[in-house]
Amino acid sequence: ANPCNPAQLTPCAGPALFGGAVPPACCAQLRAQQGCLCGYARSPNYGSYIRSPNAARLFAICNLPMPRCR
């Protein structure tokens with residue numbers, strides 16, 4: 001089964017774009033989809049979320065490493 005499902009990251013969209021509280025569901029999905037994030041970063045639909053200034057804050061709050069995309 002492919003764990004990459006950007007729709008599951010919906011709980012992260014608000015905090016990624018506007019800041020504010022990060023729900024536990026967001027951290028759970030970021031953790032589950034860590035291997036997918038670089039693909040999203042390259043995508044025209046989702047790249048702005050991953051590259052947004054608030055994204056680093058999400059990873060910090062969730063205690064996850066920032067994805068290092070090549």
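The backbone N, Cα and C atoms fix where each Cβ goes, glycine too.
According to Swiss-Prot:
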type: DISULFID; residues: Cys4-Cys38; note: disulfide bond
type: DISULFID; residues: Cys12-Cys26; note: disulfide bond
type: DISULFID; residues: Cys27-Cys62; note: disulfide bond
type: DISULFID; residues: Cys36-Cys69; note: disulfide bond
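Set side by side, the disulfide-bonded residues Cys26, Cys27, Cys69 differ in how many other CB atoms lie within 10 angstroms of their CB, and the most is found at Cys26. Closest by Cα distance to Cys36 (disulfide bond), from the disulfide-bonded residues Cys4, Cys27, Cys62, is Cys4. Closest by Cα distance to Cys12 (disulfide bond), from the disulfide-bonded residues Cys4, Cys27, Cys38, Cys62, Cys69, is Cys27. Just so you know, the Cβ of Cys38 (disulfide bond) picks up 14 other Cβ atoms within 10 Å once every protein chain is counted. Annotated pair Cys26 (disulfide bond) and Cys38 (disulfide bond), C-alpha to C-alpha distance, rounded: 17 Å.
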